[in-house]
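J.: Dumping the structure here so I can ask a few things about it.
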Amino acid sequence: MTLMIDENFKKQLAQRRERVEDLFYFENSKEIGRGTYGLVYKAVPKKQNGQFPNKEYALKMIEGQGFSMSACREIALFRELRHPNLICLQRVFLTNEKKVWLLLDYAEHDLWHVIKHHRTAKSKKVPIMVPRNMVKNILFQILSGMHYLHSNWVLHRDLKPANILLMGDGPPDMRGRVKIADLGFSRIYANPLKPMAELDPVVVTFWYRAPELLLGAKHYTKAIDVWAIGCIFAELLTAEPLFFCKEEDIKAQNPYHYDQVKRIFHLLGYPSDADWPDMKKMPDHQRLLSDARNEGTPIQTFPNSLHRYFDKWKINSQSSPYRLLVKLLTVDPTKRVSCEEAMNDIYFRKMERPPRETDDVFNKYPIPYAKKEQQMTVAPDQAQQQHQQQQVQMQQQPQMGQQQMMGQPQMVQPQMGQPPMGGAHPGVVAPDGHPHQMMQQQQHPQQHHMQYQGMHDPMQGGMDEGPQAKMMRMGNVPVGRYAPMPPPYGAPQDYHPQQGPPMVQMMQQPGPSGYYPQRPGQPTGAVPGPGPQGYMNPQMGMQMGMRAPGVPPQGYMPGRGMAPPQMGQQQPGPNQQQQQQWQQQYHR
């Protein structure tokens, strides 16, 4: 029997239905992000009433018409789940044109941009790393939010820095709080009717994908989220992705990725039968061994070299953060620590005051990270021209990356042989202080806003989509290739504070390319990326990134949360009183 809805009732409902355009200003707003299934805009209410408080919101438009099953799942989870470290769904709108809008909390920052800010920041003496106490508070709040999800039988399945938001200057009770966003891939995993891998074979951005997923496990648990948290933790400590590997076009129906598995075992060692008894039962285990034989890589003899990797960051293998990281990155998912167990680790108990899920991770100090509207945009034609020039440069050196992998000396072209400007050694430990204090070490005659190249999360544009879908969504802008070796990352060469960076000279040095797509026909600042946190600034570099010899670059960082300085203006640094406050309070 078919149920019919009375036409008069439908007309009355349409007349009473509130239109998003009548309630919020957002039409002229820049696109600030892209979720798993839609675009996100910054919105403010038009009317001052009690229905919507006068503050900023994130307005997410679900792509397509009507309610897809994925959108329904995301909305259902948002409406049921409430936690201080989860983004809050305020309202759902359904337009007469069958468009679905979600009204969410607005977060000014995300971990992707925070990490990128520290990776690309320059200093003549030491790299400006994320303060250790800030890392500790961020990690605790991520664990708290994920423990709540797991306690309610929900897997996030897409944890990465871009999906971890930080509230900016706003209500004092919300400032600096971590918010986990984008539940588009989340699923309830209690008593599934089918194995999770049959329903969704490809989940989690591959830099943060657990080894059991990469090897084709038919069943997976909350341990995949814990692995992703461990990857984010390592990236906060070093400002580099721990399991970076080159980007390739990955088939949407196959989670296996040989280079990613090899990178994991290169650092963690090839698991023995005692380390992971079930690894030989994984569907793609034999495929891994076959690929290794064909490549001539003795993957089964890889030792654990994680401690050597962190030695250059002065993180001792006996320290509490290292030990917690090892627990989070245990290859056997049955032995991997849970979020609740990680929250009770000695790493957090050593703090003078136990961390809380509502703490301000900025510790009430000025926020040094640029706001979304302060990030400049680049003209599409200029970005395309820069991208084409860099492609030509890359084609002139096709073998340099392979030479480096084989340990052969590289033939550097003369115009690219200049050392990176002010490159600091990555082994220098960053103080636990706020980034503002370390700005005083930079003796800038003037600070100007510069276009710098950073690293691009390879899956900012979505989850393991095919090449045709990616090309269509990115406006036919070709995706850059990554160097075949892991970080450290290079620095822009010959940067002059009066003129900005010169034309990029490409080098096949370690590190990803820093591709920043600019989609023709879209609002400036609109870049594909998951969730309201997926915003990327197209002005932060050309579409193919710089790779120069050396280590994380030093350079511009906006001060005190203010807009980037204009040409000819000097950016104020912290005063002596601020430095003393940080030394006495935040460095303890």
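Cβ atoms here come from the backbone N, Cα and C positions, even for glycine.
Quick paste from Swiss-Prot:
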type: ACT_SITE; residues: ASP158; note: active site, proton acceptor
type: BINDING; residues: ILE32, GLY33, ARG34, GLY35, THR36, TYR37, GLY38, LEU39, VAL40, LYS60; note: ATP binding site
type: COMPBIAS; residues: 382-426; note: compositional bias 'Low complexity'
type: COMPBIAS; residues: 557-588; note: compositional bias 'Low complexity'
type: DOMAIN; residues: 26-348; note: domain 'Protein kinase'
type: REGION; residues: 376-426; note: region 'Disordered'
type: REGION; residues: 510-529; note: region 'Disordered'
type: REGION; residues: 546-588; note: region 'Disordered'
J.: Summarise the model's confidence over the domain 'Protein kinase' (26-348) as a mean pLDDT value.
T.: 86
J.: Need the DSSP three-state call for VAL40 (ATP binding site) to compare against my parser.
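T.: VAL40 (ATP binding site) sits in a strand per DSSP.
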J.: Taking the Cβ of the residue listed as 'active site, proton acceptor' as the centre, count every other Cβ atom within 10 Å, in any protein chain shown.
T.: 24
J.: About how far apart, in whole Å, are the alpha carbons (Cα) of VAL40 (ATP binding site) and the residue listed as 'active site, proton acceptor'?
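T.: Between the alpha carbons of VAL40 (ATP binding site) and the residue listed as 'active site, proton acceptor' there are 18 Å.
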